[in-house]
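*Asks:* My structure is below; once you've seen it, I'll send some questions.
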Amino acid sequence: MRSMTVAVKLAAFLMMAPAVFAAGTKGDPAKGKVIVDQVCAACHGADGNSVASANPSLAGQHPEYIVKQLQEFKAQKRKNPVMLGMATPLSAADMANVAAYYSQQTPKAKGASNKELIEAGKKIYRGGIASKNVPACMACHGPSGSGIPGQYPRLSSQHASYTSAQLTAFRVGERANNQVMSEIAAKLSDQEIKAVSEYIQAIH
């Protein structure tokens, strides 16, 4: 019954996703690069491949998703003091421009570190955890972690520590801007979060 509930919510989210993620404005990558160089590059990298694992890599991320997150940082639906300060001055056009620029950059592979942990994460990512009614991550984010433009974000090659931090934040309620992810993360143990995060970093 619980698995059916999660499936129904996933389906409902999929149907409303285009409206939720709609950027409304087509971005200009050239204008976005100017903003990135002045504001974003220090944390996320000039080419969207961040060096610090606490900061997400944005290269190749779907523009709709980037815009949505910036909007929610600005509206404080997603809490982060640093990003609130960065997003607040941005107009809708600025957000679209930044998103357009980063979406055109090429994500860099980060490779594997713990093969045993990655194998455990692969099982969760591709098959879910039936005993906990946890759906497979690839059901929304795709087998290769590429996501679905306008619906679900790209995950592949993301820093494991960043993904782990976000799943933990969803689990404990520190991040609450996606109900489906909050409900899924609530069922994951620390070790399961670590494993799936390591696998996500390894896929490219």
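Think of each number as a place in line: the chain as shown, counted from 1.
Cβ coordinates are placed from backbone N, Cα and C, and glycine is handled just like the others.
As the structure is a computational prediction, the values presented were derived from the model and not from experiment.
This is the feature table in TrEMBL:
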- Cys40, Cys43, His44, Met83: heme c 1 binding site (BINDING)
- Cys137, Cys140, His141, Met181: heme c 2 binding site (BINDING)
- 27-106: domain 'Cytochrome c' (DOMAIN)
- 116-204: domain 'Cytochrome c' (DOMAIN)
- 1-22: signal peptide (SIGNAL)
*Asks:* Output, ordered by sequence, the same-chain residues six or more apart from Met83 (heme c 1 binding site) with a CB under 8 Å from its CB, or 'none'.
*Replies:* Leu70, Phe73
*Asks:* DSSP on the domain 'Cytochrome c' (116-204): how many residues come out helix, how many strand, how many coil?
*Replies:* 52 helix, 4 strand, 33 coil
*Asks:* What same-chain residues, at least 6 away in sequence, bring their CB to under 8 Å of the CB of Cys40 (heme c 1 binding site)?
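*Replies:* When sequence neighbours closer than 6 are ignored, Cys40 (heme c 1 binding site) has Leu58, Met86, Val98, Tyr102 within Cβ distance under 8 Å.
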*Asks:* Please give the heme c 1 site's span as the largest CA-CA distance among Cys40, Cys43, His44, Met83, to the nearest whole angstrom.
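*Replies:* Across Cys40, Cys43, His44, Met83, the two farthest Cα atoms sit 12 Å apart.
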*Asks:* Determine the C-alpha span of the heme c 2 site listed in the record, that is the greatest distance between any two of Cys137, Cys140, His141, Met181, in Å to the nearest whole number.
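*Replies:* Greatest Cα separation within the listed binding residues comes to 12 Å.
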*Asks:* Do you know offhand how many angstrom separate Met181 (heme c 2 binding site) and Cys43 (heme c 1 binding site) by C-alpha?
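*Replies:* Checking the Cα atoms of Met181 (heme c 2 binding site) and Cys43 (heme c 1 binding site) gives a distance of 25 Å.
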*Asks:* Using a 10 Å radius around each Cβ and all protein chains in view, which of these binding-site residues has the most neighbours: Cys43, Cys140?
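*Replies:* Sorting the candidates by Cβ neighbours within 10 Å, the top entry is Cys140.
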*Asks:* To the nearest whole angstrom, what is the C-alpha distance linking His44 (heme c 1 binding site) and Cys137 (heme c 2 binding site)?
*Replies:* 25
*Asks:* Taking the Cβ of His44 (heme c 1 binding site) as the centre, how many other Cβ atoms fall within a 10 Å radius?
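*Replies:* Its Cβ shell of radius 10 Å holds 23 other Cβ atoms.
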*Asks:* Suppose the heme c 1 site is Cys40, Cys43, His44, Met83. Which further residues of the same chain have a Cβ inside 8 angstroms of that site's Cβ centroid?
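*Replies:* Here the nearby residues are Val39, Ala41, Ala42, Ser50, Asn55, Leu58, Val82, Met86.
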*Asks:* Note the Cβ centroid of Cys137, Cys140, His141, Met181, the recorded heme c 2 site, then list each other residue of that chain whose Cβ lies within 8 Å of it, in sequence.
*Replies:* Met138, Ala139, Tyr152, Leu155, Ile184
*Asks:* What is the interatomic distance between the Cα atoms of Cys137 (heme c 2 binding site) and Cys43 (heme c 1 binding site), given in whole Å?
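*Replies:* With distance taken Cα to Cα, Cys43 (heme c 1 binding site) is 27 Å from Cys137 (heme c 2 binding site).
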